[in-house]
């Protein structure tokens, strides 16, 4: 009877390899965040981590981690901060409107609460999808918001998976906060880029169905055209 020691050894080695990859990437994030004096460094460093993870989740393992990280940090430095500033403004408006909402009553409160919750969903979608989508294909902010919402409509299960995955990682890091400096951003980036990759694969399959079966009653004509145009390179 054979044994599985070789399998265990290989699996353990692969686990250590993954662990080193995540820790190294997280340490790069910390270093470049500090290099950018935190305020202007944290978002480009985060985007750079996601750029490396994008290659990792798509099966590209033969590349220099540092070189890929550094190139992404330089290339997307200003755009990452612009996207972050936009998210910051949206978050402030949500916070301000929430406190205003607490002072209202009756029908006005119901309408404002409805609008606030819709805006909250849009902001959550944009926060989760903006960097991964931008890395897939650089876009202007307006297009980035639109495509984020379109992608959620086209692949709602992927969005649900994204929310659950990010929530689970957040719960894990809150239980063991000592892991945050070593794995925090790398783990979050991994689950976000993996879910984005799965969403894009689903979009590709839907586009293929639309092209090969143009008369199939999958969705409305306008949405069909938007999915066809989504993420064209």
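The count begins at 1 with the first shown residue.
Yeah, the Cβs are placed from backbone N, Cα and C, and that goes for glycine too.
As written in TrEMBL, here are the features:
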- 20-53: transmembrane segment (TRANSMEM)
- 77-98: transmembrane segment (TRANSMEM)
- 110-129: transmembrane segment (TRANSMEM)
- 149-173: transmembrane segment (TRANSMEM)
- 179-197: transmembrane segment (TRANSMEM)
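With a cut-off of 8 Å on Cβ pairs spaced 6 or more residues apart, the transmembrane segment (179-197) and the transmembrane segment (77-98) reach fewer than 3 such pairs and are scored as not touching.
Through the fold, the transmembrane segment (110-129) approaches residues 87, 90-91, 93-94, 97-98, 100-101, 104, 144-145, 148-149, 151-152, 159, 162-163, 166, 192, 196 of its own chain, all at least 6 residues removed from its boundaries and within a Cβ separation under 8 Å.
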